[in-house]
Amino acid sequence: MSFVEAKRIRNLPPYLFARIEQLIADKKAQGVDVISLGIGDPDVPTPDHIIEAAEKELKIPANHQYPSSAGMPAYRRAVADWYARRFGVELDPQREVVSLIGSKEGIAHLPWCFVDPGDVVLVPDPGYPVYAGGTILAGGIPHPVPLTAGNGFLPDLAAIPAETARRAKVMFINYPNNPTGAVASKEFFARVVDFAREYGILVCHDAAYSEIAFDGYRPPSFLEVAGAREVGIEFHSVSKTYNMTGWRAGWAAGNAGAVEALGRLKSNLDSGVFQVVQYAAIAALNGPQDGVQSLCEMYRERRDLVVDTLNDLGWRLTRPRATFYIWAPVPAGHDASSFAEMVLEKAGVVITPGTGYGTYGEGYFRISLTLPTPRLVEAMERLRGCLGRVTF
């Protein structure tokens, strides 16, 4: 017996990384030694002091029961304290912070709180696929906002049609940016605040990569800007900063009304974050941060390896100041998909076609730096052998 899927599921595109995982599995089944530069999943272990904190709490029976759907007070306090130390932002942990099962979950659920069927959501293009996916599931209409090299991969707010802006309920932004590696200034965030005020839009800033930065650069928080808390919230997690992608601990912080609405939705959908994981996240946020510095130095070395290799082959790339991604144009004679397919077939190396992140990702590909350095070196040598000199 077959069943008719709901329109919201039929309208949902296949998740990009599920497709990449299938391609890798298919090639491995053929006996190919595949090197994946596709998915951004840290290859370094979670720091010992975080694991030890979890082991301690795991032995306490009370932690095996249902957690608070909003998050333990101690967890929300740790998030607020981290914001104060890192950004100088003072948050009320009871009203302005809610725990998430990783920031992806909150990003996907946010449109359900503020988007009715037919409402518009402004999503960056190229951008993290969950912005559009969550919008579609809520019945909203994703409106792509182009991120182009000519504008530093920042949205041109003035180019968004006024009629579209008036219909928009939510706007997603993401800096440091996945997939482009672009960064945003406080001045840009201030312009976003003004835009959101003018049109009554809720701004959702995805700050997942704020701690993965190089060369002395320290990315700002959207919440540092005057008025940001009136118009928006920020999503973050411990995943990238502390190599905890599998632990699933994140948060949303900022506008109290938006935080409350998201928490209310979640209380009807899930049972919160396992308390042991929350205690591990507290240890991460409150504990020593020298491991984060070492992590960034490792990614900086990998960044330089990839950028130098590609530039030797004919690219003209600048070194991104943040994230663990390299965003690069495809050579002449290819589109994003054909180039990724050719590299996989000839070199056994997986790169992500830019079109996986939206229409404006055409002509680009993304490389992730989250694999052991010796394998990254081998991947670069395979690209040398496969491509030789390239032109554009």
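Heads up, the Cβ atoms here are built off N, Cα and C, so glycines get one too.
Taken from Swiss-Prot, the feature substrate binding site covers Tyr15, Gly40, Lys104, Tyr128, Asn178, Arg366. If you look up Swiss-Prot, you'll see Ser103, Lys104, Tyr128, Asn178, Tyr209, Ser237, Val238, Ser239, Arg248 marked as pyridoxal 5'-phosphate binding site, on the strength of sequence analysis. Here Swiss-Prot flags Lys240 as N6-(pyridoxal phosphate)lysine, drawing on sequence analysis.
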Structural state of Gly40 (substrate binding site), classified by DSSP into three states: coil
Count of other CB atoms lying within 10 Å of the CB belonging to Arg366 (substrate binding site): 26
Around the Cβ of Tyr128 (substrate binding site), the count of other Cβ atoms that are within 10 Å: 21
Cβ neighbour count within 10 Å of Ser103 (pyridoxal 5'-phosphate binding site): 24
Between Arg248 (pyridoxal 5'-phosphate binding site) and Gly40 (substrate binding site), the C-alpha gap once rounded to whole angstrom: 15
Neighbour tally for Arg248 (pyridoxal 5'-phosphate binding site), based on other Cβ positions within 10 Å of its Cβ: 19
Per DSSP, three-state class assigned to Tyr128 (substrate binding site): coil
Rounded Cα separation (Å) that holds between Gly40 (substrate binding site) and Val238 (pyridoxal 5'-phosphate binding site): 14
Largest tally of Cβ atoms lying within 10 Å of a Cβ, found at which of the recorded positions Lys104, Lys240: Lys240
Neighbour tally for Val238 (pyridoxal 5'-phosphate binding site), based on other Cβ positions within 10 Å of its Cβ: 29
Pairwise Cα distance for Lys104 (substrate binding site)/Val238 (pyridoxal 5'-phosphate binding site) [Å, integer]: 12
